[in-house]
Amino acid sequence: MSLAYTAEEQVAVAAVRRACQLTSSVFNKLVKNETLVKGDKSPVTVGDFAAQAVISSILHHAFPADPIVGEEDASDLRAESGKEMKDRIVALANEAITAELGLGDNANWGIGPGQAKSDTELLDAIDRGNYEGGRIGRMWTIDPIDGTKGFLRGEQYAVCLSLIVDSKVQVGVIGCPNLPVDPANPEKGVGCIFVAVRGQGAQQLTLSGANPTPLTIPASTPETFNFLESVEAAHSSHSFNDRVSSLLNITRPPTRMDSQAKYGCLARGDGGAYLRMPTGVGYREKIWDHAPGQILVEEAGGIVTDSRGEPLDFGLGRTLGENFGVVAAGKADHPRLLAAVQKALGEAKAKA
């Protein structure tokens with residue numbers, strides 16, 4: 001009996017792998033050398049557009065009927081004023097698309113030597129990400145560079161892709177070009193891809209797609225438990241996390257990094273919990289920022305909810321709607337973490 005979503009998993013890994021190669025190339029060619037001015041022509045903008053073009057192009061060849069929820073649109077690139085940036089994006093995207101076939105690749109997905117795409121094809125690929133989402137049917141989510149500031153610092157960022165079917169995440173892939181393969185053994189280098197398929201577990205691959213290693217969130221101890229949280233306090237409330245740490249008597253300082261790399265680290269036991277509480281009123285999380293991470297943690301044996309204990313709802317459109325915050329941890333730790341979060345929220349409300 002064939003496993004569900006085998007083809008989708010293979011395509012998703014191939015797409016993320018090529019996008020990871022592209023973003024690493026952008027960093028090495030453009031960020032290090034600072035050959036582009038900041039602002040509209042910043043390297044991260046070029047990398048975002050080009051990576052989305054590559055992933056969307058591959059998805060369109062493999063699953064032409066599937067809609068895509070992506071972060072970028074190409075309207076500015078179609079204007080004459082955007083020609084210089086468009087030309088850079090097209091060149092970078094085609095470099096990634098036409099690279100030699102690797103492990104698990106299939107030329108029918110529109111990749112490999114001789115498969116360069118026209119400007120129009122690549123701009124159309126970017127614009128396929130304009131789907132508004134919904135509760136019924138299949139859709140993919142793309143976050144081409146999650147963790148912009150981490151990317152520009154040469155630290156952690158992620159290329160993220162998920163397949164959602166009838167509001168439920170079924171496949172999640174997170175590529176982390178700068179994440180250590182094994183923090184305990186630095187000589188193993190950096191760069192890994194996290195993959196999860198509903199009901200089939202989670203695993204870590206190398207950036208080449210090799211050496212699949214099953215992932216299970218390990219049992220934590222008071223000495224090893226700590227939070228994985230955003231670098232930027234503007235993205236997630238550090239002070240709130242500190243209060244929750246105090247309530248739980250956590251002594252280890254938090255591990256801070258950008259992007260959904262935090263979900264990957266949680267899934268393999270590099271931290272005890274991922275806690276993200278909004279810092280502003282009315283903020284709504286984007287579905288592409290959490291869909292791949294949610295299934296990865298759940299398939300590794302964890303639980304992901306909002307601060308009320310409600311599951312994340314991926315059927316409301318491009319955002320998570322009324323879900324407030326994200327609380328992710330192993331099954332044994334999630335109940336006490338959620339209780340502490342709710343107590344801290346009650347304290348904050350009483351002070352307001």
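Even glycines carry a Cβ here, placed using N, Cα and C.
Automatic, uncurated: that is what TrEMBL annotation is.
Taken from TrEMBL as is:
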type: BINDING; residues: Glu71, Asp143, Ile145, Asp146, Asp289; note: Mg(2+) binding site
Item checked: Output field, Mg(2+) shell: CB within 8 Å of site CB centroid, site Glu71, Asp143, Ile145, Asp146, Asp289 dropped -> Ile142, Pro144, Gly147, Ala158, Cys160, Ser259, Gln260, Lys286, Trp288
Notebook entry, point to check: Among the binding-site residues listed here, Glu71, Asp143, Asp146, Asp289, which has the most company in the form of other Cβ atoms within 10 Å of its Cβ?
Noted result: Asp143
